[in-house]
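A short write-up of the structure that comes next.
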Amino acid sequence: MVFWEGYVSDEAMGTFAPIVVYWVYAGFYQVLPPLENYRLHTKKEEEEKNLVPLKAVVRGVLLQQLVQATVAQALFMLTSNVSSSGITVQPSVPVQIVQVVVAMLVMDTWQYFVHRYMHQNTFLYRHIHSQHHRLVVPYAIGALYNHPLEGLLLDTLGGAISFLVAGMTARTAVIFFCFAVIKTVDDHCGLWLPGNIFHLLFQNNTAYHDIHHQLQGTKFNYSQPFFPIWDKLLGTHMPYTLVKRPKGGFEARLKKDFGGHSQCLTNAAAGIP
């Protein structure tokens with residue numbers, strides 16, 4: 001029994017709940033004060049380095065979510081498992097937990113290899129993936145700011161494949177997709193807040209992904225959104241140290257000298273991976 005049963009179908013919840021959760025959770029970060037003592041980059045850096053205004057980011061996210069909702073609704077209609085009495089057959093809780101873990105691993109695998117290829121292929125980076133990296137300093141609302149084709153391939157298709165491979169119902173998918181959205185937003189929030197459970201439970205967290213957005217780290221830390229498994233197995237894991245800045249806040253600092261890999265901001269904006 002879930003709180004929406006009898007009011008909204010599982011399929012509708014699976015389609016629209018992740019969108020609502022995205023804007024509520026990202027909006028929470030957006031309305032917070034500057035919190036300079038917990039930022040990985042100063043507010044001034046965010047304003048100076050980012051190459052796209054907030055309004056354009058919001059439009060881009062809404063476009064991606066429109067495509068996601070359309071695909072999700074079609075997917076749920078095709079895979080609906082409703083009995084003759086009109087009741088969805090729901091597996092036991094242990095089975096659902098296994099399904100969610102499987103979906104997490106499948107999503108990580110899909111996103112790692114697609115994401116990495118978009119960096120290694122100059123054409124794809126220049127014309128598609130560089131749009132996401134216009135946010136040199138990530139923030140929560142920009143978590144799903146991507147080129148529409150990337151949004152379709154990386155997130156929407158990745159989510160669909162995870163759902164199908166795991167064999168979950170629409171009701172279980174509500175939990176998985178909402179959790180994946182919250183985790184993705186948190187990874188882009190740019191804040192290292194004390195007691196953040198994602199920082200305690202996941203190595204792949206806000207600071208980990210911040211390394212990837214730094215101009216010297218774009219060829220590393222491709223893994224998202226859950227575990228750094230593929231980065232560690234395939235040599236693209238970049239360890240970092242979190243240090244306090246003299247004027248407040250933190251900095252995720254690469255542990256290796258990346259002088260040979262450094263890129264200027266103009267090159268990144270032009271689409272050079």
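Glycine is treated like the rest: Cβ placed from N, Cα and C.
If you look up TrEMBL, you'll see 100-236 marked as domain 'Fatty acid hydroxylase'.
What TrEMBL lists as transmembrane segment is 12-35 (among others).
The transmembrane segment annotation in TrEMBL covers 96-114 (among others).
Annotation comment: TrEMBL describes 135-154 (among others) as transmembrane segment. Sequence-remote contacts of a segment are chain residues at least 6 beyond its ends whose Cβ falls under 8 Å from one of its Cβ atoms, and for the transmembrane segment (135-154) they are 22, 25-30, 41, 45-46, 49-52, 54, 57-58, 60-61, 63-65, 67-68, 71, 110-111, 114-115, 118, 127-129, 184-190, 209-210, 213-215, 265, 268.
Tertiary proximity for the transmembrane segment (160-182) is limited to same-chain residues at least six positions away from its ends with a CB under 8 Å from its CB atoms, namely 2, 9-11, 13-14, 17-18, 21-22, 25, 71-72, 75-76, 79-81, 88-91, 96, 99-100, 102-104, 106-107, 110, 225-226. Taken from TrEMBL, the feature transmembrane segment covers 160-182 (among others).
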